[in-house]
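Over in TrEMBL, the protein carries these features:
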type	residues	note
DOMAIN	23-408	domain 'Ammonium transporter AmtB-like'
TRANSMEM	12-32	transmembrane segment
TRANSMEM	52-76	transmembrane segment
TRANSMEM	88-106	transmembrane segment
TRANSMEM	118-139	transmembrane segment
TRANSMEM	146-164	transmembrane segment
TRANSMEM	176-194	transmembrane segment
TRANSMEM	215-234	transmembrane segment
TRANSMEM	246-267	transmembrane segment
TRANSMEM	274-293	transmembrane segment
TRANSMEM	299-323	transmembrane segment
TRANSMEM	335-356	transmembrane segment
TRANSMEM	368-393	transmembrane segment
Amino acid sequence: MAPKYAPSLRRLLPVLAICLEIAFILIFIFFVQYDDSYIQDETQSKKRKTVTIVYADFQDVHVMVFLGFGFLMSFLRRYGFSSTGFNLLVAALGVQWATLVNGFLFEFSDGKIRINMMSLVTANLCAASALISMGAVLGKTNPVQLLLMTLLEVTSFIFNHWFLTTFIKMDCVSSIMHHHVFGAYFGLMVSWALHRPGLRQRHEKEKSSTDMGKFSMLGTIFLWMFWPSYNSVLIEGKAEKMNAVYSTYFSLAASAVTVFAFSVLISKKGKMNMVYIHNATLAGGVAVGAAATVIPSPWIALTIGLTAGLICILGCWFMKPFLELAFDIHDTCGVHYVHGVPGILGVLIRIVIELVTASNLQVAWSEAAFYLLALYITLALSLVLGLVTGFLLKLNIWKPDQKYFDDQAFWEFPHLAVKL
């Protein structure tokens, strides 16, 4: 018999997953087809070059979403199977669903959704918002809840993207880059709604280990290496694209150095903390995302990276336990300080740069108000829709798990000894 604290998902998970996949297949049959019109008029050599460049950018983002995020979240000593396995499950479902929702809202014509390589890139970025939210509830949800959260979160984020581009007239790149902020605060609200009294004190299994720490560091390195592609993949202008690559690279470098220094400084024993380094090293890449195309000098990117790294490590060290005790907001992976606060910082930095470099202050202040409005809308929608999603996931019909941070609730383990 299955133990009471780990309810069996034998009926619920297969039925939900297969029904969703069959529904996707039917929608793809009637409404989706491949689109190669963007390369039909090019010469053969230029066509090969275009496909190669676009595919290289797609592959960088693809590796980050499916490998980088998965290994990054594998730091918990008894949750390695679930961290990497559920990351694959959420990402695979999220990419399919994002392709459809984006297609119907932005690419639907003549009764068809025509998808190309950039459609897949956008779908991966939308799925990444669900992975960010997953980081806030990691170890406290079962795969059925994660599937449902992915559907609702991806739909909510794309609705936010559609609203910003349609009514606020924000450009597509800036709107998509709000996925850090949206995913973080959506996940925090889900975590708050799912909170149980047993999480108020640090859970005995919510700890890392040497082996799992190495796997998580591997994820950090993959994300760190490919983040310049992540921030620049949707940018079309060559000069702006390269500016985003340079700025992201220097910001990441500065945040990495800052994190190592302050990790030692805040330690009682004067030693480095690997968990802080896993997360805060990436804060520079998040913070520079919204402003990457307008940063005029490398020193500004370095300063952004230093600031973001400092905010992230101090937030994880001081504010994370405070939020747990004061507001019952349990953030397993610290997404508030890795994605949320650095994402907000990036928008504010863009506003400052636009104001400082503007030739017409009246126009610059109008654009500043425009970016602030977009940020407020993103925060409001993420908080409200995340809260609604959290209460939906708390229903007993989804068999919420009470065995936190433990793979044994969901996975089979091979016997250590086999009798022949």
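One-based numbering along the chain as shown.
Note that Cβ sites are derived from N, Cα and C of the backbone, with glycine treated the same way.
All annotation found in TrEMBL is predicted automatically rather than curated by experts.
Across 12-32, 118-139, 299-323, stretch 118-139 shows the highest tally of CB pairs under 8 A with the transmembrane segment (176-194).
Non-local neighbours of the transmembrane segment (215-234) in the same chain are 57-58, 60-61, 63-64, 67-75, 80, 118, 121-122, 125, 172-173, 176-177, 208, 241-242, 244-245, 247-249, 252, 256, 274-275, 277-279, 281-282, 285, 288-289, 292; each lies 6+ residues outside the stretch with a CB under 8 Å from one of its CB atoms. Below 8 A, the CB atoms of the transmembrane segment (118-139) and the transmembrane segment (52-76) form 3+ pairs separated by six or more positions in the chain. Here the transmembrane segment (12-32) touches the transmembrane segment (146-164). Their Cβ atoms form 3 or more pairs under 8 Å, with each pair 6 or more residues apart. Outside the transmembrane segment (246-267), and at least 6 residues removed from its termini, the chain residues within Cβ reach (under 8 Å) are 224, 227-228, 230-232, 273, 276-277, 280-285, 287-289, 291-292, 295, 298, 300-306, 308-310, 312-314, 317. In this chain, the transmembrane segment (146-164) does not touch the transmembrane segment (52-76); fewer than three CB pairs sit within less than 8 A of each other, excluding pairs fewer than 6 residues apart. On the 0 to 100 pLDDT scale, the model's mean across the domain 'Ammonium transporter AmtB-like' (23-408) is 91.
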